[in-house]
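Heads up, the thing below is written out as structure tokens.
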Amino acid sequence: MQTEQLLHQLFEKKALNQQQTEFLFTAIVRGQLDNSQLSAALIALKLRGETPEEISGAVTALQADAESFPIPDYPFADIVGTGGDGANTINISTASAIVAASYGLKVAKHGNRSVSSQTGASDLLTALGVNVHISAHKARQALDEIGLCFLFAPQYHLGFQHAIPVRQALKTRTIFNILGPLINPAKPKRQLLGVYSSDLIQPYAETVARLGHEHSVVVHGSGLDEIALHGVTEVAEIKAGQIERYTLTPQDFGFQPQPLETLRGGKPSENAQILTALLQGKGKLAHQQAVAMNSAMLMSLFGYPNLKQNAQAIMDIIATGKPFETLQQLTQY
């Protein structure tokens, strides 16, 4: 009965509070809504625009339903985007996670198969010989030992399967597209979060603040769900519940802008070749710089605030080829 009341509230264009949304999404991941109810709920949320309270409630429900991951007591982060920006670039956040781990940061990367591009994080890692289906225990071991693990979303969020038919039928973005980066089963309190639209920056930032992150950043880079090498990046930085908005350019990292065309990716096999060259220090300069900018911002969440110094440190470590060794180590788990 309560589910029907909540659906009625949505149809009246009234927002749900966090607790109500948590109840509704718990019902969704348990398969308690039929496809027509679920479809109607997702469309009602989309047309009105999801509030931070609603996004937070959905995240809480999905995290409670997720398979557990042994959360470490040391600082670690995630770098992840919503996808869906339609730009079909190389996998910048996946490369940045590997490079940042090579620098000595701890990164629990949450990811999935491709949404709208040709190559999602798991597609790429599989092409590189990484087993994305390892157990939570094994993944934690990798995080402890080499500073990097990959958590494959469908393995932890089994309840998502109930929404797949409706999402495929709707063929449009729904709240599920924006939940992915926020439901890492390791529950990192430091995240570099990329969003596909600048309209999402503020609600995302407010959601992150509600969820109690220690230090996270939400970015949208001139059409990309990453920090942009080709233009201006809009930023919301969340620290201790406070949100600060500002913009960044490539010059803030010590680089000159490069055309977006230089970052175009392709199929998993093509992106794997591009990433291998990059991690070996043999990649295109634009690829290295794009990864350095995103890794530099990730470093700032660990107490390294100087973005130019960070970017240079990352360029130096890429030149050594050490990130490729980190990738090789990851394939052993």
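Note: Cβ is positioned from N, Cα and C throughout, glycine not excepted.
Straight from Swiss-Prot, the features:
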type	residues	note
BINDING	Gly81, 84-85, Thr89, 91-94, 109-117, Ala121	5-phospho-alpha-D-ribose 1-diphosphate binding site
BINDING	Gly81, Asn112	anthranilate 1 binding site
BINDING	Ser93, Glu226	Mg(2+) 1 binding site
BINDING	Arg167	anthranilate 2 binding site
BINDING	Asp225, Glu226	Mg(2+) 2 binding site
Per-residue Cβ crowding (10 Å cut-off), top of binding-site residues His110, Arg167:
His110
Could you list the residues of the same chain, at least six apart in sequence, whose Cβ is under 8 A from the Cβ of Asn112 (anthranilate 1 binding site)?
Gly83, Gly120, Ala121, Ser122, Phe152, Ala153, Pro154, Gly180
Including all protein chains shown, what's the count of other C-beta atoms within 10 A of the C-beta of Asp225 (Mg(2+) 2 binding site)?
26
Based on Cβ atoms within 10 Å, give me the single least packed residue among the binding-site residues Arg113, Glu226.
Arg113
Taking the Cβ of Gly81 (5-phospho-alpha-D-ribose 1-diphosphate binding site) as centre, how many other Cβ atoms lie within 10 Å?
27
Looking only at DSSP and grouping its letters into three states, which state does His110 (5-phospho-alpha-D-ribose 1-diphosphate binding site) belong to?
strand
Find the one among the binding-site residues Gly81, Thr89, Ser93 whose C-alpha lies closest to that of Arg167 (anthranilate 2 binding site).
Gly81
Pick the one among the binding-site residues Thr89, Ser93 whose Cβ has the fewest other Cβ atoms within 10 Å in this structure.
Thr89
List the Cα distance (Å, whole number) between Arg113 (5-phospho-alpha-D-ribose 1-diphosphate binding site) and Asp225 (Mg(2+) 2 binding site).
16
Pairwise Cα distance for Gly81 (5-phospho-alpha-D-ribose 1-diphosphate binding site)/Glu226 (Mg(2+) 1 binding site) [Å, integer]:
7
Cα distance, Glu226 (Mg(2+) 1 binding site) to Thr89 (5-phospho-alpha-D-ribose 1-diphosphate binding site), nearest Å?
10
Secondary structure at Ser93 (5-phospho-alpha-D-ribose 1-diphosphate binding site) (DSSP, helix/strand/coil)?
helix
